[in-house]
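Worksheet: one structure, shown below.
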């Protein structure tokens, strides 16, 4: 029996009125998400901060008028540490992704993400993961290649490290299997071992663990 998803409260901070309205309308149709605030800028939020009930999740654009998204993330993490900030933007540059994650973002999504994917990612962050759009995941996975083995609970084998590096370069499971002349089931076996050694259950979990261990720069 599938685990029942818990309802979460959410704000949207987005300066594009059409996208903000569309996203708000769609999220209001999801039983497990309660959209309690929709704002055109972080400055608008700041003016009302003391009067508002803070949400569990904040979807935040980076290119905002006035206080920019990166500044907003840092301030929100300080003023409302229990709220998880998920960036939703068109910016897909490596530096921007890492600047947002360093500032305290709990995830990084592109606006091209399908709506169903956005909903899934919202619940993913509630479960402790770091939701990432597939186009930016390789940037973060690439940093896993520099993990000091001594900082993980158990060292990764050469093959496990090799597969992780290939994933970081954007290779699919099938491409990895073909390149290494092994079956995709063998690739899956090694990935399960990687997740087990890091104490996680998914790529997002591995990324989250790496951040908690200070392994990403």
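Glycine too: its Cβ is placed from the backbone N, Cα and C atoms.
Because the structure is a prediction, the values reported are computed rather than measured.
Here TrEMBL flags 9-126 as domain 'Response regulatory'. Look at TrEMBL and you will find 61 tagged as 4-aspartylphosphate. Residues or ranges marked as domain 'HTH luxR-type' in TrEMBL: 149-214.
Residue counts of the domain 'Response regulatory' (9-126) by helix, strand and coil are 54 helix, 26 strand, 38 coil (DSSP-based). The Cβ of the residue listed as '4-aspartylphosphate' lies under 8 Å from the Cβ of 13, 14, 15, 16, 69, 87, 88, 89, each of which sits 6+ residues away along the same chain.
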